[in-house]
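Visitor: Please find one structure pasted underneath; my questions will follow.
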Amino acid sequence: MKVPIILVNFKVYETSYGRRGLEMAKIVEKVALETSTEIIIAVPATMITRVAESVTIPVYAQHVDGVPEGAHTGAVTPELIKDAGAKGSLLNHSERRVRMDEMDDALKRMKKLGLESVICVDRYELVAPMALLKPTAVLVEPPELIGTGVSVSKARPEVITSAVDEIRKVQGVYLIAGAGITSGEDVYVAMKLGSDGVGAASAIMKAKEPQKVLLDFVNGAIRALEER
Ligand SMILES: O=C[C@H](O)COP(=O)(O)O
């Protein structure tokens, strides 16, 4: 994982799967290559192999289950996503919670498999406790702003600054901010407040011109880094 971190969560938007999902992955790859910036995409589990075989950017799962191998119908385990070609996964997104004991187990197995991990939390108070589990990054997102187009950078900047204070208590874990990130300015502000990057979904997945939006994001991130 490299700073600036830009993580595009495909969720299950209609642009996330099939031919359109593949096209979206290619668009993200194009922007990543053109700007020499790493952009991570978290795709539906059913798309991991197809996408990972088609693009050079890091492909993540959106969720993993901490259940052991064996009789667990429908589970998506760390071993399965690794085998499918994923480089990492989100864990505990507010739209896909994971029980604490399962998260701990999933994380241990992900580390063993060399997979990156992004634990999502819905409030800054959970940043340090989750960072102590030593994921690659913690993603803080106020759930009420997710998908609204009203960014955490503008509406709840104190969430980012408090989360930055929390992540500093633990060495070697990145902090990502998300929820409602819509423009390069939102990315710029999130990073100026001290985050290592952003997570975003709707602004890109629902955009008429996702390439333009993403390019704006990357430019905002680069501008913030240059001013550090
Ligand atoms: O993982 C991504 C977040 O839930 C942000 O979603 P959003 O950009 O649609 O607000």
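For all residues, glycine too, the Cβ spot is worked out from N, Cα and C.
Model, not experiment: these values are computed from the prediction.
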Visitor: Considering the substrate binding residues Asn9, Phe10, Lys11, Ile146, Ala201, Ser202 given in Swiss-Prot, which of Gly18, Gly180, Gly184, Gly220 is annotated for that site as well?
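Guide: According to Swiss-Prot, the candidate sharing the substrate site with Asn9, Phe10, Lys11, Ile146, Ala201, Ser202 is Gly180.
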Visitor: Near His93 (active site, electrophile), which binding-site residues out of Ile146, Gly180, Ser202 have their CA within 10 Å?
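Guide: Of everything listed, nothing lies within 10 Å of His93 (active site, electrophile) (Cα to Cα).
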Visitor: Take the Cβ of Ser202 (substrate binding site) and count every other Cβ within 10 Å, whichever protein chain it belongs to.
Guide: 18
Visitor: Check the binding-site residues Phe10, Lys11, Ser202 for any whose Cβ is under 6 angstroms from an atom of ligand 1, and report them in sequence order.
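Guide: The binding-site residues passing the 6 Å Cβ test are Ser202.
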Visitor: Please report the distance from the Cα of Ser202 (substrate binding site) to the Cα of Glu141 (active site, proton acceptor), rounded to the nearest angstrom.
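Guide: Roughly 14 Å, rounded to the nearest whole number.
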Visitor: Are there binding-site residues among Asn9, Lys11, Gly180, Ala201 that sit within 10 Å of Glu141 (active site, proton acceptor), Cα to Cα? If so, list them; otherwise say none.
Guide: Gly180
Visitor: Do any residues at least six apart in sequence from Asn9 (substrate binding site), in the same chain, have a Cβ closer than 8 Å to its Cβ, and if so which, in order?
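Guide: Long-range Cβ contacts: Ala42, Gln62, Leu90, His93, Gly199, Ala200, Ala201.
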